[in-house]
Amino acid sequence: MFKRVPFIEQMEHSECGLASLAMILNYHGHKITLTEIRERYGVSKRGISLGNLLELGNDFHLKCNVYKGKLTELPFSVPAILYWEDRHYVVLERLGKNYATIVDPDNGRRKISIEELEKRYSGYLFQAEPDEGFIIRKKKSQWGFLLSFLRGQSTFLSSLILVSFLLQGLGFLIPQLTQWITDEVIMPGKNEYLMIIGIGIAGLFLFHQFFSFLRSYFIVVLQTKLDLALMTAFVTQLFHLPFSFFENRKGGELVFRANSNVYIRQILSSKTVSLVIDSILVISYACLLFYQEWHLGLMITLLSFLLFLILTFSTRWTRKLTDQQISAQTKTQAYLTENIFGICDVKVLGAEEKVHNHWRNLFTDQLAIAKKHSLLTSAFDTISSGIQFTTPLLVLWMGATLVLDGSLTLGQLLGISALSSAFMVPIISLSSSYSQFIILGSYIRRLQDVIESKPEGTKGEIVSPLSGEIELRNVSFKYGYFSENVLSDIQLHIHPGEKVAIVGASGSGKSTLAKILIGLYTPHEGTIFFDNKPLSDINIQSLRQQVGVVLQETRLFHGTIQNNISLFDKKVPMEKLIEAAHMADIHQDIVEQPLGYNTIVSEGGSNFSGGQRQRLLLARALLHQPNIILLDEATSALDNIREANIKRCLSELHCTQIMIAHRLSTIQQSDRILVMHEGKLVENGTHEELLQKGGFYHALYTSQEV
């Protein structure tokens, strides 16, 4: 019997290999998420090789082989991992004479021709099968964290179910009333009951309106509460994730995932209730139909069951297209967001047409998938609507026979006819709920990438105030398990109040070392100490609040100058803010603006010069009089006079200062200069001492002097 490979979507551009291996593991019964593999092995920015996959597979007790050659000539069985287009990995799920099925971690499952397979296949195949030590592992429920939110709203949910049940209960009354009015009022000609019936209808109308409003109220309240709970949990988790999480993900994709919370709460608040009510109604209607007339009841039940099967199978058929549609929407939005943020580069390069064409191609692909999805859904809807249309007619046709032979009264037939129409409603609703929950699974997978990722530690010791002493013992760092070291065996001791400069050629590891120092990266070997306390034992937020940082990636936000310097903290006194602006030599520029400190800064600070942006960021870093200052090329856009003014202000501060710079003229007065080369700390000393050594620093200095 054919077994499908479970689709696992890659969340980072370089983890297609990990996602493909995760699919193979899940196929063989070791249920594991991509997040678990990622946190165990990390993700290299350059992806992983087939040799790395071989090592990973062996770790999970898979017998692995790598074959090179044409697929028709290789001894393998499916599923297998294919090297694809010389840059990607996909899983080959099925191989036929005329077509193949692949599961692409980037685009989902799709059927392709043998010609396309041979064209895109890059000559390498990875085969993995369980060995004797392979561990079967059960799948963790992906609904756990959502159910916790529902449990928190149990009171409103129970009230909503009760009110909905009372409303749906009217559906039982209408067939009975139809039968009674026909047999007991119309047929005998009892006119005196008409007034009572009118009053009863008015009462039912008021009952329906009151409980409909009450149901709508409960739904709105429940949706609001779920919105608040879901978004708060998502955003809180998102902002507590490590910096490395954001490096390999596009901002547009994360925004799309955040917005999917709205879709999730809509399903949870409406379909959860419908699922409970409709299940009860289906059983109740079926029992009532069989009680009224079992022949008609059996026919209606069979037709309804057929309708349910058609709608359910349509969902399974369209699930693949749903995954592809969400993936296409994510890519289109991410690309558009990325280019809106980078509009300056687009304009400068005159690339508007190229960007538009690429966006148009992405959007066209998205629409093509949406069209396939809609056509397939319409085809199944046509079949189901045909059954809905035919069922009441079949009831009347078959029921007429029973009325004519005296087995049924006319009122009973009309009541059963009304009951059959009412029976179809929860059947369709159940199918819709099933469809929505299947789609919900696609959104949950994207949320799980955030929810299940390990946040930064915030439970350590709150240190205050820091003296500024920093020590690195045997610190090494690499981006992933299979990556080469970016930093190797760094030994460094910075004393309180010391002014240290870090220099080196581009790519030597200076900026990486800066991120290590403030805990943005976690070393895979060695320990970092602040005031003789291991960084792992310190509350990272309390540490960073005492460190003033300007990195190359640091940017300004849309808002006023005051908000940008204070980071929207309204408690910061204006005098303190102005003092920081003076130290960064930006105060005069600010007061010359039309609105002074209330001048609006465009997103990214595009309405200010490069030098002004750097000085605003420096003012932000100096605002709270930090005990440690770390500047990575923070004055690279300044002229010599501005830079000298800032250096003079910084020299008067009694705090530890670490400055990374390419211009060696800016750091000659440092207490100590550290020289980086290929991820290693190769030289250490004052400007004069390093020149006398005639080593790397001397070569850098001489090249700049020339």
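Indices start at 1 and increase along the chain as displayed.
Every residue, even glycine, has its Cβ placed from backbone N, Cα and C.
Curation does not apply to TrEMBL; its annotations are automatic.
From a predicted model like this one, the values you see are computed outputs, not experimental measurements.
Positions annotated as domain 'Peptidase C39' by TrEMBL: 10-128.
If you look up TrEMBL, you'll see 155-174 (among others) marked as transmembrane segment.
Per TrEMBL, domain 'ABC transmembrane type-1' is recorded for 160-437.
Residues or ranges marked as transmembrane segment in TrEMBL: 194-214 (among others). Non-local neighbours of the transmembrane segment (194-214) in the same chain are 163, 166-167, 170, 173, 177, 181, 185; each lies 6+ residues outside the stretch with a CB under 8 Å from one of its CB atoms.
Taken from TrEMBL, the feature transmembrane segment applies to 226-246 (among others).
According to TrEMBL, the transmembrane segment annotation covers 294-313 (among others).
Annotation comment: TrEMBL describes 393-416 (among others) as transmembrane segment.
According to TrEMBL, the feature domain 'ABC transporter' maps to 470-703.
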Tally of DSSP helical, extended and coil residues in the domain 'Peptidase C39' (10-128): 40 helix, 42 strand, 37 coil
Cβ contacts under 8 Å made by the transmembrane segment (226-246) with residues that lie 6+ beyond its boundaries: 145, 149, 152-153, 254, 257-258, 261-262, 264-265, 268-269, 447, 450-451, 453-456, 458, 479, 515, 520-522
